[in-house]
């Protein structure tokens, strides 16, 4: 899955992975991280997610990583903000209203960019990757996140053969085995969300579970 795949998705606005509302699990479980103060929060593969506005409204400085320049511009446009932009290495930093979106390749991010973050949030990053690439993402995330840092992970799970991702199915067992190699994993909640996802209903996917996990970097 090359960068061009995601650029094409944004250019054609085939962004079914984008949610038009703040994720309910984020609202319900963010406090589970028990963050002290209102520190920085890292959001990998953030797109133009409204979840970042929620995090900023909690007083956090949000640091998002996003490949698509179009996604970045659409986020700030929707927020009615005109970001200040600067180039740092091969990435471009866009900042406004407590949110900084780092435009460029997630896999080439420097650890220093997220070293000061007190928490992280992954709603659409892990599930964006097919199984053969997902482990590389987890390893990079683990390399960026300092030991002891908590995060909220939200996944989807369904019979993968029933639908061509993204989003891809990520089972609880996969999270325990591969994410658990680098993070302490606590299941916060899992529920059937098939009725709320017309694309999956239309494709006759028999079931769809959304799960929230509390992660802590080992």
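Yeah, the Cβs are placed from backbone N, Cα and C, and that goes for glycine too.
Database features, via Swiss-Prot:
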BINDING   10, 45, 66, 123  S-adenosyl-L-methionine binding site
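Around residue 66 (S-adenosyl-L-methionine binding site), taking its Cβ as the centre, 24 other Cβ atoms fall within 10 Å, counting all chains. Other Cβ atoms within 10 Å of the Cβ of residue 123 (S-adenosyl-L-methionine binding site), summed over all protein chains shown, number 26.
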